[in-house]
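Take a look at the structure set out below.
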Amino acid sequence: MQSNQSTRLLSLARHLLRRTAAQASQQAAGATGAAATGAGESGSAEQTTHFGYQTVKASEKEQKVHEVFEQVANSYDMMNDAMSLGIHRVWKDMFVERLGPTHGMRLLDMAGGTGDITFRYLKYLAKQANPQQRSSHVTVSDINQHMLDVGRERARRLGLTAESLPNSTIAWQCADAECLPFEDASFNAYTIAFGIRNCTHVDKVLSEAYRVLQPGGRFMCLEFSHLTNETMQWLYDQYSFQVIPPMGQLLAGQWQAYQYLVESIRRFPKQEHFKQMIEQAGFDLVSYENLTFGIVSIHSGFKL
């Protein structure tokens, strides 16, 4: 009796296993057919990417980032002071010092809309030479026209006009870092500060930077990074997620925009990984320097 019962249970188990396997096979075949149909209709599945912690279509990210910076453009510099307690000024000063601007340099300041790096660059040059010896050409480029408008107005208020810069020029160019409208080898320095993590295809940005630089030209990137100390990283995370979005709401009326900015920092590659990406784009002598425990890093590479 017990033997017969065991046999029946074993037979039932085998039947259930066979039926489950058949159902799984049918589902897999259906999914394959659906995928093949989708591929036939559209050519290929649309690529996705991250927008902060969200997963979005790659074709949508640029517009979403554009909307963020449209919202924060007028309060961008004030919020930088508030969020970093003013330390961003020190980081940017060090960034320009590491670049070491020289007479005759042609600089592309990418994602430089409000002019923070360009104005420091010109100030640095002013200390290095008398007015007759100064000459430089800076192109400030940003994908967001509103940010460029803010930068132009700041330049006017600072008195950075053609009359005050007799041998230097500032051009303002709305452009996409992934597809620049400049000729090959147009610049001998390329800077991008706190902008590259917002780009959809970082590899394309690096490739374009390499293309528009002259042989011997230098690529420099200032970007939020990852702390090397776990305790400090935890404290930094608490500040970033618990303080910055409410601060954005209080000072700029923009909680979601600053929530995205905090999340985008966490999604950006770690220092060594980004260094490898710069090398893969063709740059040599690639290095990075951590500032403030690695909250930000200065990345550098040369087109040799």
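Glycine too: its Cβ is placed from the backbone N, Cα and C atoms.
TrEMBL annotations: computationally assigned, not manually curated.
A quick note: this is a predicted structure, and the numbers were derived from the prediction, not measured.
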Residue from Asp93, Asp142, Asp203 that TrEMBL also lists as binding S-adenosyl-L-methionine with Thr114, Asp176, Ala177: Asp142
Binding-site residues compared (Asp142, Asp176) - highest count of Cβ atoms within 10 Å: Asp142
Span of the S-adenosyl-L-methionine site, taken as the largest CA to CA distance across Thr114, Asp142, Asp176, Ala177 (Å, rounded to a whole number): 16
Which same-chain residues, if any, lie at least 6 apart from Thr114 (S-adenosyl-L-methionine binding site) yet have Cβ under 8 Å of it: Ala73, Tyr76, Asp77, Met147, Val150, Gly151, Arg154
